[in-house]
Amino acid sequence: MEDSKRKIWTVQCVLLLLIGSCISQLCASDDVKFYDSFDDAFDGRWVVSKNEDYTGVWKHSKSEGHDDYGLLVSEKAKKHAIVKKLDEAINLKDETVVLQYEVRLQNGLECGGAYLKYLRPQDAGWTPEGFDNESPYSIMFGPDKCGATNKVHFILKHKNPKSGEFVEHHLKYPPSVPSDKLTHVYTAILKSDNELKILIDGEEKKKANFLSSEDFEPPLIPSKTIPDPDDKKPEDWDERAKIPDPDAKKPDDWDEDAPMEIEDEDAVKPEGWLDDEPEEIDDPEATKPEDWDDEEDGEWEAPKVDNPKCEEAPGCGEWKKPMKRNPAFKGKWHAPLIDNPNYKGIWKPQEIPNPDYFELEKPNFEPIAAIGIEIWTMQDGILFDNILIASNEKVAETYRATAWKPKFEVEKEKQKEEESTDSDGLKGIQWYLTTFTRLRTSLCWVITRLRSWSLLRRLRNKQT
């Protein structure tokens, strides 16, 4: 009894500390630019594409094992598209911007994407109902896995200041996608000093610089020089590092016609070899089928079996001398290679100034005017939740701690229970952890609802 009371008291104390921590962090919500917890149905806020290619059904559904709701991909092998047009475009320039959301692959992910598209302002006449893969975006971010592809995308569509065209720039060597069925939170932090950080479950997995040619392909800033397209390789340019020795001659005793193998003249037929016995004989137990028709099926022949006499003898049938390697074999003669005295190296065109080169102090980010999910996946059960855009890293950290972490701990604990049978000595610890995580989940769910309500009220006050 005393031990049980001590457990409950410990849980209460930790929860009180957690309450104080969560409440103190609520003030950070002023830096929230957009947030959707999907606690309420998405109808009226998110618009499902009416494009005929996107027949997949979206559902407002609970995450398996939780009371927390999310946006669910409910059908296999179909294209899904849904979009949320923002009331006000979000500027990505001159300040830190954090893109974060949760996704749970409840049935795994064999082939498909679970990424978000952050759309730039669309052309006149565009409507959310027409959202498709051609709707231009500023950033595409999130997991994608199919065949050899297994990565957390970060793609920036950047406007070339010289040509005015938008070019896709892919993050090099992105992190891989977690392979389990737990809820994971993906975070991209875009900083004003051109730094990009990719976090998975709050852990930094990739750091890059937008202006570095080592981090993006193609690089945002073109190279200063390019190979001269008009430069041609001279006709007398010799790229052969080695050449056959022109002074070498084939030795007089080199026989190119000698075969690789010859008969072993020293071989002797083994004693007991059965020359007159075939290796296979008709199966003595086989009988002609009653329904066999010689006119239609042809003359019946018994199937062959190994000759039992050959099993006891060294061999059967006609004996032939075995083959052996010919010591005189040398093959076709080739002159040995020597260093080429006329070798000039591998020819390359000369470099000239790149007419398309430009300098750039910061990426020319386009604003985010809408958030879309446009995917084609072979799996159902993909659940999106807690989509956040903020201007403060601490805000994203708070949401991870209150909205994601409790769910993840419950799922991880359940996974451990399913994978192994714990000993009796660990049951008390299990009870403590399970009780703690359940209470924490309930508490943080309430706090998240309060934050969503507070944010919604401020947005409405701004509109009025």
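Glycine is treated like the rest: Cβ placed from N, Cα and C.
Here TrEMBL flags 227-252, 301-312 as compositional bias 'Basic and acidic residues'. The feature compositional bias 'Acidic residues' is assigned by TrEMBL to 253-266, 273-284, 291-300. For C111-C146, the entry in TrEMBL reads disulfide bond. Per TrEMBL, region 'Disordered' is recorded for 210-313. The signal peptide annotation in TrEMBL covers 1-28.
Per DSSP, the secondary structure of the compositional bias 'Basic and acidic residues' (227-252) breaks down as 0 helix, 4 strand, 22 coil. Outside the compositional bias 'Acidic residues' (291-300), and at least 6 residues removed from its termini, no chain residue falls within Cβ reach (under 8 Å). Across the range of the compositional bias 'Acidic residues' (273-284), the DSSP-based residue counts are 0 helix, 4 strand, 8 coil.
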